[in-house]
Amino acid sequence: MGLPEYEADSEALLSQLTIEFTPGMTVSSLLAQVTTNDFHSAIEFFAAEKAVDIEGVHYNAYMQQIRKNPSLLRISVVAYAFHVSDMVAETMSYDVYEFLYKHYALFISNLVTRTLRFKELLLFCKQQFLEKMQASIVWAPELEQYLQVEGDAVAQGVSQLLYKMVTWVPTFVRGAVDWSVDAILVSFRKHFEKMVQEYVPMAHRVCSWLSQLWDKIVQWISQASETMGWFLDGCRDLMTWGIATLATCSALSLVEKLLVAMGFLVEPFGLSGIFLRTGVVAAACYNYGTNSKGFAEMMALLSLAANCVSTVIVGGFFPGEKDNAQSSPVILLEGLAGQMQNFCETTLVSVGKTCTAVNAISTCCGNLKALAGRILGMLRDFIWKTLGFETRFLADASLLFGEDVDGWLKAISDLRDQFIAKSYCSQDEMMQILVLLEKGRQMRKSGLSKGGISPAIINLILKGINDLEQLNRSCSVQGVRGVRKMPFTIFFQGKSRTGKSLLMSQVTKDFQDHYGLGGETVYSRNPCDQYWSGYRRQPFVLMDDFAAVVTEPSAEAQMINLISSAPYPLNMAGLEEKGICFDSQFVFVSTNFLEVSPEAKVRDDEAFKNRRHVIVQVSNDPAKAYDAANFASNQIYTILAWKDGRYNTVCVIEDYDELVAYLLTRSQQHAEEQEKNLANMMKSATFESHFKSLVEVLELGSMISAGFDIIRPEKLPSEAKEKRVLYSIPYNGEYCNALIDDNYNVTCWFGECVGNPEQLSKYSEKMLLGAYEFLLCSESLNVVIQAHLKEMVCPHHYDKELNFIGKIGETYYHNQMVSNIGSMQKWHRAILFGIGVLLGKEKEKTWYQVQVANVKQALYDMYTKEIRDWPMPIKVTCGIVLAAIGGSAFWKVFQQLVGSGNGPVLMGVAAGAFSAEPQSRKPNRFDMQQYRYNNVPLKRRVWADAQMSLDQSSVAIMSKCRANLVFGGTNLQIVMVPGRRFLACKHFFTHIKTKLRVEIVMDGRRYYHQFDPANIYDIPDSELVLYSHPSLEDVSHSCWDLFCWDPDKELPSVFGADFLSCKYNKFGGFYEAQYADIKVRTKKECLTIQSGNYVNKVSRYLEYEAPTIPEDCGSLVIAHIGGKHKIVGVHVAGIQGKIGCASLLPPLEPIAQAQGAEEYFDFLPAEENVSSGVAMVAGLKQGVYIPLPTKTALVETPSEWHLDTPCDKVPSILVPTDPRIPAQHEGYDPAKSGVSKYSQPMSALDPELLGEVANDVLELWHDCAVDWDDFGEVSLEEALNGCEGVEYMERIPLATSEGFPHILSRNGKEKGKRRFVQGDDCVVSLIPGTTVAKAYEELEASAHRFVPALVGIECPKDEKLPMRKVFDKPKTRCFTILPMEYNLVVRRKFLNFVRFIMANRHRLSCQVGINPYSMEWSRLAARMKEKGNDVLCCDYSSFDGLLSKQVMDVIASMINELCGGEDQLKNARRNLLMACCSRLAICKNTVWRVECGIPSGFPMTVIVNSIFNEILIRYHYKKLMREQQAPELMVQSFDKLIGLVTYGDDNLISVNAVVTPYFDGKKLKQSLAQGGVTITDGKDKTSLELPFRRLEECDFLKRTFVQRSSTIWDAPEDKASLWSQLHYVNCNNCEKEVAYLTNVVNVLRELYMHSPREATEFRRKVLKKVSWITSGDLPTLAQLQEFYEYQRQQGGADNNDTCDLLTSVDLLGPPLSFEKEAMHGCKVSEEIVTKNLAYYDFKRKGEDEVVFLFNTLYPQSSLPDGCHSVTWSQGSGRGGLPTQSWMSYNISRKDSNINKIIRTAVSSKKRVIFCARDNMVPVNIVALLCAVRNKLMPTAVSNATLVKVMENAKAFKFLPEEFNFAFSDV
């Protein structure tokens, strides 16, 4: 090592000076060496600016700053000398230049980082001097300013604790001779607890909780080794170092986090980082001398690894303010790869090797193992360059991890097992075989080219390739017939010489690369060849110059059968290829022709055109020259699609790479569609062998062997001369020969081969595969035997007579199998034995286990010996990499610790200790822990009980605005402010740094709240802070006037006031209200408020003489100002126990109410009927009236229409005056009783467990959202009108109520939302200037700032209820009408999320959108049955009122986490959701405050309830499992063990038998009851039990489960619901007969699902008993059957339109139009024409025109003169025409308003225009009838026209009867 070139005397001085360290040396002896003048001179020499950097030591900017400061440099050198003296185990002597330039510089440069800068160095120095000299270093202010750091204020005890831990751990690890992980961790735990007890006794109880962690760390080592499997058996040392390093580092970070939360540490300073960069590095240096080869490089590498670990671990526990570090093994490995990239670039370039950049590594590596493999490869190259030796372990590891050889071997083993179980390979399995084969060949090539790979690994790969090739040969010629996926077909079409063939070949190559397939996976098909010679189920089939020549059959005709999902046997030339079926996955075609040839003999051109999934029309760009090296450079690709009878251009692509991306995307979409289409068929499909009998197999063998000398007859026994050879295969050193005749008689013997071994081997393979295929696909083999094929094909289980001598399972199980085994025929056993020998099946071992066992010991011996000689730094670095990929158990616990926040365990210790001068009691560090374990409800006395002679106004203010905030033993007074905010004392709340679960106690109610310190807003020049959160209960906005917001204007200098406080009496257990008369002075001078280190100064305050006591802070000062009592100040401090000080109210901004609704309310002085969830707060002002339904719309039908069916349902009670109300329930009010369901919300849930459950659900959402990229808000137009053609984006219902307060402006005939929109009924928009439009704009502008004040109307639901809910105990359900603008904004923010949930119902629990008529019901049943036969069918009590704000806040966070977006959008989502849980409800003339539940009129009610339902079940599942100490793996396996589906409050829970001892109905019922949730049996609501039921006994959505076949389940509706439809009909929008007929059709359809026989009998009864219904009015059974067949092909929700389309006779005719131009409109007569608004702008009408707008939403007041808006109700079965009554009144009647306007216009020489949107047929008919009625058209013309109409559509058959005037002159 060279030295700086300085004066010779200085260099000589340094070379002679040494420093010596001995074990156990005293501090004085060390100081004697480092305090000499010579040593100080050496330090000055080291600090000289001209000094040259020594090789291997990097002097960063921070290091240079240390060298420039003599004091810091000397102190740090001495501190390092102290540190080294602790680490030596034997006497060591260093030259001073070596000590300074190498050891000290290396250590300090690692200690000083860019992130923490000098903090660790200063702490390190403090610790060393504190430990060795009991002296505390105080850094001078100028030094701190020079280093730009803040002084640390760490207690001595904590400093010593941390120092002891840092120095002890590596020392102990270094001294552990046997490297026992258990010994290291056990000792570490004991030492840790000892240090805590000695130095920080107050923290001992926290550490006792932490000590539970060490019990698990030992398990992580074993689990990691098991995870990595056979390969790491020989490198346990490496895994020990890796896991121990990560685990201890995490433990220390957790300790530090706890100490910070407890207030022992002011801020974190990276204890784990110090441990890694000092302890681990020092321990790794032991016995690795400084003169060793590569010492500097090794230590730099280890430091690099330590820095990466520290970044991940510290970043997990202490994330940055802006960048939240993602702590995971992926981040660790990516960081390590990036650091090694920079580190290795210079060291490896000399040998011609460079490391891949980290971004390239991340791109190329598809998984964690691949990334680790790349890193180990770099490490291998580094060792070769640095130390000069080759390591086979790293060479093997880089290959095994980089290529995931272990996963490759397991996949091969799985494929072989599947082949044994089925005797064939499916389409997907064949694809997997080819992918694995190509990967194996690539690994073989890579291993041989790189060198250094162990022979055992190479042989293992070769064995896998050989067995894959055998499996490929076996499966590629199979003829098993079954369902297959339709191939994805691409047609490259274009003119000749455009490069189509080249393009097709290149696309094929890119597809092969994408799927990892080799070049032999393509079959080039010549349509002229009648045979498919050489076809081996290749994934790709190419057809070049398709249809270029005429063939028979034609090329187009051949495509019909190829591009299908039906099995298609091919015509093969070779006998051995007989029966192969086509099942390639891709068919690529190049052709010059776009259309089908007339000579193709294809009867349906559409069938051919629909089989071309993508048409790529290839052309050349004339502006670009052809480039032979890049033929695609001048190509243009036009993507065509055949749709609606023509070719449509989808897009035009000019770049080849974009084309490939497009084709791959379409390919993936096609595959997903096929999987969905065939999912059920794949499960239930039976596959047929093309061999009808075993004789056919034997005949095939005879034909194969004909002409070849395969078998030598002389070697056959005499009795077997007439038999055929089945096989002759080698086994255990001899051959097993099996012969069989046509009667299946078998002769077997062991001996020599009976023919040519090589040829006979191929012959035997084909015969065995054919025979095995026939055996498994036939019914000959017992199904019990087929279920145990893995054991039955094992040759070790047979003796030489082929008798089965093995054992299946345990003895008791095997005994049950004996009869089945005995029933097997000998030819069965011969085939099973032979296939087992052929496939190398070994006893009780998979193929994977056999192969691994063959190499395991050899690798263990080799790796153990090699790793033993590695330098320790390499061991530690490599161990960290292995732990990152193998330590899954550690990482799981680590993520749980990181993700838990500070948790409730830390909540009570968050505040810290401070002075008692401000009169708030200091938070107790253990308050939250005490609360957590002693959660006993506190008794209290309400304020009205206190003996007070105070003015009632002051009491009312206290009741509305004062509250207490409670956590643990801390009880604070706060002031509630409108807008979900409160004011509180700054000196207390500034010390709360972590989230807390607190309780808010107000007058008459209390609730829990998750306090988040991030929502505290500092108020300058005030001792108050403002806290705001959406989940706080709001106080009435009328309370705003109860505060004095402008003290300068309103307050005099001296005034009288009331001092009011309400503190908790600990001894009495109640809140005690007190008051005092005070004289208040307004002070305008500085007041200093101190609390320990806390100091705050305010320039203005209120002062009064009052003997205030502790905990008075937060008390109210109320004065009579401006004619009313107001809060003028909040008590914040006291002076010497005599003078009180209050802070003036800050100038807050009021939060506007979007609805401005409270102007209609008269608020009560105090709330009434108070409960946990609701309270009556006001009444409606005089004259304010809310119109609600008072009479039912349900009409009872005549008795003969009841069809002798029972009915126990009647219309519900809507008004208190209903005479049906029983006498004992007199006074029952349905509107007010409806709000009572919100009176008792559920109890608060444990936030940690709730967060864990939310993360589980959120993870499922993210899994479903991989391909879902649209979660943004939709436009207002889309929120109103929906999106045409987009699933689950329907328009907003306009017929429903507009909500409060807009409902108050209704006129007599107006109703619903229609009056606030305008448009043509297809596309509408808000009418500007209306109350809804204004409220919408206000809500949009403010939703992100605060929770809107929501007012709903509770409206009794007009429905049929059981008689007991009317006559016995009235119980009418209510639904909530919410304001229109609120619903619109919610739809904008959440519509895409709702679409996502509904579209993924097949994967999620929420089943909103399910179609019970489709196969969805069958899939739901299969999903339940998959978990087992134990199903809980549950029913909640008052579910609508259970949801708490705590859970709603969590749901809002989940949705925001999934949907993302800007902060403004996230805040708006949260506020809109939270408004539901804290709103006002109008119940007739009273107003109630509701603080829980979901209003039924909320657009997302059913979605949110479904999510809440799922959270409840998941929460109590984990709670119950952990309470019973179930294995954690089961706790975390909800989705594996439980099948859950929800739909609002409806659910089904299928429970796996494994967890029934822990989780059943009884335990679930009890657990829910503890939280205030009542759940009962859904089938028997009176039962006290919640038993398991079979799925067939359960119901869901009032539908049961009836299994029709192995795959089809029906969902018949409860008959009681059906019969009630015959007794009562809703006549709101139609005549009674029409409504009844609609119900009859629905009942008929539902009865068909019960059974076709019942439907037939019901149909006949209807026709017999209801005389006016004809057979043509009812669908036939054939139509019903077709309806269900159609529905089972659908995936979307059912709707009435679909039902009408398939069951209504009137709609089965062809569509009607007068002419092709009729859809644009037509000329009816000279005076009357019709126009389609899609093509005509009525606003541009002429002065000589009169316009009628039919069924649009344009208000009449907004239309120009001469325009008239007409709306009708469509009649059922009338082809779109209005009801009979409407037509009679408006068309047939001559003096109707419409006819008058027409006649007036005609007399004025004006033209009349009838306008509508899209469907013009009804308007055309109305126009024609109007023309003939007003004598503008001859009757002969109208007669002929209408007759033609009726011929085309049966729906209009009623026209002659109703409009006789149009058919004859009357």
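Any Cβ shown, glycine's included, is placed from N, Cα and C.
Note that the structure is predicted; figures quoted are calculated from it, not measured.
The domain 'SF3 helicase' annotation in Swiss-Prot covers 462-633. Per Swiss-Prot, ATP binding site is recorded for GLY494, LYS495, SER496, ARG497, THR498, GLY499, LYS500, SER501. Here Swiss-Prot flags 897-917 as transmembrane segment, drawing on sequence analysis. As annotated by Swiss-Prot, O-(5'-phospho-RNA)-serine applies to SER920, with the evidence given as experimental evidence. According to Swiss-Prot, the feature domain 'Peptidase C3' maps to 945-1150, an assignment based on sequence analysis. Taken from Swiss-Prot, the feature active site, for picornain 3C-like protease activity covers HIS987, GLU1023, CYS1113. Marked as domain 'RdRp catalytic' by Swiss-Prot: 1429-1559.
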C-alpha spacing of CYS1113 (active site, for picornain 3C-like protease activity) relative to LYS495 (ATP binding site), in angstrom: 89
Between the binding-site residues SER496, THR498, SER501, where is the Cβ count within 10 Å the lowest? SER496
How big is the Cα-to-Cα gap, in Å, between GLY499 (ATP binding site) and HIS987 (active site, for picornain 3C-like protease activity)? 79
Mind giving me a neighbour count for CYS1113 (active site, for picornain 3C-like protease activity)? Other Cβ atoms within 10 Å of its Cβ, every protein chain shown. 27
Considering the binding-site residues LYS495, ARG497, which residue's Cβ sits among the greatest number of other Cβ atoms within 10 Å? LYS495
Spatial hits near HIS987 (active site, for picornain 3C-like protease activity) (Cα distance within 10 Å) out of the recorded positions GLY494, SER496, ARG497, LYS500, SER501, GLU1023 come to GLU1023
If you measure from the Cα of GLU1023 (active site, for picornain 3C-like protease activity), which of the recorded positions SER496, ARG497, SER501, CYS1113 is the nearest? CYS1113
State which of the following binding-site residues has the fewest other Cβ atoms within 10 Å around its Cβ: GLY494, GLY499. GLY499
Counting only residues outside GLY494, LYS495, SER496, ARG497, THR498, GLY499, LYS500, SER501 in the same chain, those with C-beta within 8 angstroms of the ATP site's C-beta centroid are SER590, ASN592, VAL618
GLY494 (ATP binding site) in three-state DSSP notation: strand
Grab the pLDDT values for the domain 'RdRp catalytic' (1429-1559) and give me their mean, rounded. 90
Among all the protein chains here, how many other CB atoms are within 10 A of the CB of LYS500 (ATP binding site)? 25
Just give the helix, strand and coil counts over the domain 'RdRp catalytic' (1429-1559), going by DSSP. 63 helix, 29 strand, 39 coil
Reported as an integer number of Å, what is the Cα distance between GLY494 (ATP binding site) and CYS1113 (active site, for picornain 3C-like protease activity)? 85
Which of the three DSSP states, helix, strand or coil, fits GLY499 (ATP binding site)? coil
Rounded to a whole number, how many Å is the Cα of SER496 (ATP binding site) away from the Cα of CYS1113 (active site, for picornain 3C-like protease activity)? 91
Would you mind reading off the Cα separation of LYS500 (ATP binding site) from CYS1113 (active site, for picornain 3C-like protease activity), to the nearest angstrom? 84
